[in-house]
Amino acid sequence: MKKVLSIVVGLLLLTMAIGCGSNTSSDKSSAGKGDKQIVMGFSQIGAESEWRTAHTKDIKQAAQDAGIKLIFSDAQQKQENQIKAIRSFIAQGVDIIAFTPIVETGWDTVLKEAKDAKIPVIIVDRDVKLNDDSLYVAKIGTDSVTEGQNAFKWIDEYMKKQNKKPRDGGDKFNIVVLEGTVGSSVAVRRSQGFTEAMKASPDASKYEILASQTGEFTRQKGQEVMESFLKSYGDKIDILFAQNDDMALGAIQAIEAAGLKPGKDITIISIDGVKGIFQAMIEGKSNCTVECNPLQGKLLMETAKKILKGEKVEKNVFVKEGVFPADTAKDTLPSRKY
Amino acid sequence: MNKFKKITSSSMFLPLFALGILLLFNIVFVNDFLAISMENGHLYGRLIDILSRSSSLIILSLGMTFVIATSGIDISVGAVVAISAAICCMLIGGRGDGIPEHPMILAMLAGIGIGVICGIWNGLLVSKIKIQPVVATLILMVAGRGIAQLLTQGQIITVYYKPFSYIGANIPGSILPTPIFIAALMVLLVILILKKTSLGLFIQSVGINPTASRYAGINVVLIIFLVYAFSGFCAGVSGLIESSLIRAADANNAGLNMEMDAILAVALGGTLLSGGKFYIGGSIIGAITIQTLTTTMYAIGVSSDQLPVVKAITVIILCLVQSKKFQTVFNSWKNKRQSQKVVDRT
């Protein structure tokens with residue numbers, strides 16, 4: 001009886017092994033051909049803002065248009081979820097992996113695993129710090145340093161054009177900054193761009209950064225931190241630089257609660273260009289938004305196809321961006337996709 | 001001396017002492033910390049901010065205190081806040097012209113209602129099916145945000161309907177922010193329940209020894225069920241405040257990590273996580289302490305990358321100040337040193 005059982009079990013195992021073997025081999029052969037549908041694994045950070053939602057939507061749409069099968073994974077703001085997602089992409093044997101890293105560091109091991117599995121990796125929207133840059137094939141995204149620079153340049157021009165005077169009667173405009181998530185490449189670079197442009201400007205002596213604190217890219221924190229800024233420096237603040245629109249929207253409510261007029265008493269500039277801020281600009285509550293273009297899907301899919309065909313691609317690919325002051329908001333809003 | 005001992009041994013002394021230290025620090029180092037002025041017909045100042053911002057945490061910690069008193073824990077409240085916020089904003093709708101799609105009162109009731117439903121779910125799992133509280137509430141903690149995302153379809157729903165902002169800000173004509181009134185009302189409700197019924201005693205006895213309580217004729221299953229349902233109710237109310245504050249439902253960030261803050265508030269308040277005796281007053285003070293800490297960090301301008309570290313250190317110190325064990329160890333160490341000195345001298 002035992003013998004019979006062992007034979008049966010042995011046979012079963014054998015067939016399973018054969019089954020597995022044939023499966024993998026057929027997978028490989030199909031991946032080798034170019035005409036089969038490309039499978040892309042994409043790990044998104046989450047949906048922390050309207051901007052991110054637009055980003056996600058665009059990538060999903062672009063994948064559909066390009067005929068690429070997208071395996072989408074939402075990391076809900078946690079790096080460990082992203083690492084898990086990338087590992088599962090490797091296990092599933094996708095053709096290409098793309099992801100938007102939530103923080104800059106800690107990706108070496110998992111990207112090495114992807115490289116060992118010979119799966120090319122594209123980094124989307126945000127930046128990473130790696131010891132070995134060959135771990136990814138291309139970076140697609142926005143240039144956060146330029147966005148920061150543009151923000152300061154616009155402020156400088158606007159203050160001159162409007163002939164504004166510092167509210168506390170001094171000779172310097174006081175700036176408060178709402179930073180993004182601590183340690184995220186976007187926050188670091190937007191700060192860097194802004195302060196660099198400020199230092200390089202001939203009007204550098206006219207501006208001073210009074211306070212800078214993280215609002216974690218959310219409305220809630222943006223509002224809470226702005227409340228505190230207003231209590232500390234109420235009459236001195238001339239300019240608010242919010243590193244994303246959602247924080248500016250939260251801050252606008254805090255400024256109104258303090259009995260000041262957002263957009264007039266305090267000049268507000270933010271980055272991203274979501275619909276909500278255009279609405280606020282039309283109401284005269286905000287002054288300018290520097291676009292950070294989330295419509296990266298098309299570029300991502302094109303780059304992915306090029307890579308899989310074996311063509312050479314640039315290591316850094318940037319999307320197009322613009323600056324939208326309040327007076328253009330009304331005309332621009334209907335054409336906004338996000 | 002006797003009077004002093006009586007004050008220091010009171011259950012409220014240590015939480016109040018911890019809050020006192022923080023406030024003192026603020027008064028010394030933060031300019032105009034106590035200043036309160038009138039702005040557009042309502043009071044304006046840091047103290048008002050602290051009270052108003054801690055309101056939703058106070059409400060959450062009320063529910064959490066009862067749950068912890070039955071030696072349970074509810075880690076789903078943060079996610080429930082997000083669900084409640086999502087339902088409420090979804091029903092009012094994000095129309096740009098400020099016209100609500102459903103009456104606001106209906107949306108508010110739905111938000112609170114969904115909180116109660118979540119609480120009932122937790123209560124059933126823990127009391128009837130006897131799943132461990134951490135595991136049972138973990139289910140909603142993980143799934144809750146997903147549910148909220150589904151409801152809002154991954155978008156942040158911004159509500160332009162004006163009266164909706166009254167919940168988180170001021171009702172026209174009122175000089176204090178509404179959250180303070182809501183929190184006060186909830187506290188009053190809890191005190192009334194505790195004074196007029198013996199529920200408090202039942203909860204305490206269930207926390208100390210459920211088996212003995214059952215033999216004494218207490219319906220243990222019902223009590224445990226009720227505390228979770230009430231915790232869900234509190235989370236529902238807090239969800240309304242949280243969403244109204246930013247006039248939007250942000251499924252990802254509404255109530256994020258608030259369950260931990262609520263547990264910390266209860267612990268700071270002197271209620272043991274092992275259950276039994278509980279201190280509602282302590283939990284309220286604990287919640288205010290946590291918010292004061294956050295406000296302090298912003299006020300003295302701790303840079304953003306050092307914020308969590310400074311916060312953690314302060315919490316450790318506050319907990320040590322309150323720990324009885326630490327005090328006895330500290331005292332015996334002090335005595336030892338003193339006696340050592342005496343020995344050295346002789």
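Glycine is no exception: its Cβ is also placed from the backbone N, Cα and C atoms.
Keep in mind that TrEMBL annotations are predicted by a computer and have not been checked by a curator.
Listed in TrEMBL:
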- B:12-30: transmembrane segment (TRANSMEM)
- B:50-68: transmembrane segment (TRANSMEM)
- B:75-93: transmembrane segment (TRANSMEM)
- B:105-126: transmembrane segment (TRANSMEM)
- B:133-151: transmembrane segment (TRANSMEM)
- B:171-194: transmembrane segment (TRANSMEM)
- B:215-241: transmembrane segment (TRANSMEM)
- B:261-280: transmembrane segment (TRANSMEM)
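Among the stretches B:12-30, B:50-68, B:75-93, B:171-194, B:215-241, the one making the largest number of Cβ pairs under 8 Å with the transmembrane segment (B:261-280) is B:50-68. Contact between the transmembrane segment (B:171-194) and the transmembrane segment (B:215-241) is supported: at least 3 Cβ pairs lie under 8 Å, counting only residues 6 or more apart in sequence.
Residues 74, 77, 81, 119, 133, 176-177, 179-180, 182-183, 186-187, 190, 203, 227-228, 230-235, 237-238, 241-242, 258-259, 261-263, 265-266, 269, 271-273, 275, 278-280, 283-284, 286-288, 290-292, 294-295 of the same chain sit 6 or more residues outside the transmembrane segment (B:50-68) yet have a Cβ under 8 Å from a Cβ within it.
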